Amino acid sequence: MEFVKCLGHPEEFYNLLRFRMGGRRNFIPKMDQDSLSSSLKTCYKYLNQTSRSFAAVIQALDGDIRHAICVFYLVLRALDTVEDDMSISVEKKIPLLCNFHTFLYDPEWRFTESKEKDRQVLEDFPTISLEFRNLAEKYQTVIDDICHRMGCGMAEFVDKDVTSKQDWDKYCHYVAGLVGIGLSRLFSASEFEDPIVGEDIECANSMGLFLQKTNIIRDYLEDQQEGRKFWPQEVWGRYIKKLEDFAKPENVDVAVQCLNELITNTLQHIPDVLTYLSRLRNQSVFNFCAIPQVMAIATLAACYNNQQVFKGVVKIRKGQAVTLMMDATNMPAVKAIIYQYIEEIYHRIPNSDPSSSKTKQVISKIRTQNLPNCQLISRSHYSPIYLSFIMLLAALSWQYLSTLSQVTEDYVQREH
């Protein structure tokens, strides 16, 4: 199937091949772990087990910020594992979430009652908390604060539905916006980035909301099948009586209309995303922040006006993901990528869609205010001979490429 997808996108196949043959190391270099303590090595092992995608970009970060963000990620992954575990009673879960930040200072605390797939980060939490206490105080302060605020926010929604659009923003702030705020404060504390990066809470929050809303939109069917509801009732309630009924074939038209409205809401975070990325100076930090954002806009474009969201999984192509990862290394390239995908959405807006005017307005504003000089990326320079060579190479090499690292696919799977 991936071979067939590549037939229409030879440049993506070329990038897949280049990535597999060593191009990955040009922007995600392998980290030398020989000098690490055994506990820190274990932390990186857990990082790779829970998220290969984040592991790759975290390990490419410069200096001591790399270890701080590794620990930050694992602490929040442990917290998130408690939130996701439906086998934990509400009575037990709420105090666990609210008090989780205090466990960072308890060398013995661990939780062995989880049934979740990532439960090892709870069962071996002493290893993670040890490395937390080994961090510089400036990093500990940020991680403690974000963990505390996130735990309390998660507790608020344990037994509460996402009803209004304000609730949606609030929930996404707790589970993702705070991550963006925490990362930004860590970047500034490390002095790799200017103080404004950590001080502008609104832009940092939007970075997280853009990613989280994209995940929630794309994962409608998976969440429904697992009994989770993250789409705001204020929106879907205008289209249908029960959220789960969007999956019924007879409701596909109103389902897509609701989908388009939520995507339009999410696109409004793009100006803040561009402002945030434009302030970054360290290349490794820029890559770390930019790659998920361009993956998100590509995912939104794939989901827009797409009935498949309610029937199965919508994912961007592996070659597309690799191309985005390799291209999104500077601000002009990121702007061009975002312009490309918002134009793709714009040209697919149905005139009959209830949100069509709003969607056009949002995209036009982004074009004018944030992307005034951008043009669509053209790859028409590939000659017929070159294309023929690519296709032949594809046929000969596909079996080899089928073993491509999962790092690219993880970027388009939900992060918990």
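Positions of Cβ are set from backbone N, Cα and C atoms, glycine also.
What Swiss-Prot says about this one:
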type	residues	note
BINDING	ARG52, ARG77, ARG218, LYS315, ARG317	NADP(+) binding site
BINDING	ASP80, GLU83, ASP84	Mg(2+) binding site
TRANSMEM	284-304	transmembrane segment
TRANSMEM	384-404	transmembrane segment
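Taking each of the binding-site residues ARG218, LYS315 in turn and counting other Cβ atoms within 10 Å of its Cβ gives the largest count for ARG218. When the neighbouring Cβ atoms lying within 10 Å are counted for each of the binding-site residues (ASP80, ASP84), the highest count belongs to ASP80. Every protein chain considered, the tally of other Cβ atoms within 10 Å of the Cβ of ARG317 (NADP(+) binding site) stands at 20.
Summarising the environment of ARG52 (NADP(+) binding site), the number of other Cβ atoms within 10 Å of its Cβ, over all protein chains shown, is 17. Mapped onto three states, the DSSP output places LYS315 (NADP(+) binding site) in coil. Comparing the binding-site residues ARG77, GLU83 on other C-beta atoms within 10 angstroms of each C-beta gives the minimum for ARG77. Of the recorded residues, LYS315 (NADP(+) binding site) and GLU83 (Mg(2+) binding site) place their C-alpha atoms 25 Å from one another. Of all the binding-site residues in the list ARG52, ARG77, ARG218, ARG317, the shortest Cα-Cα distance to GLU83 (Mg(2+) binding site) is found for ARG77.
Counted over all residue pairs in ARG52, ARG77, ARG218, LYS315, ARG317, the record's binders of NADP(+), the longest Cα to Cα distance measures 27 angstrom.
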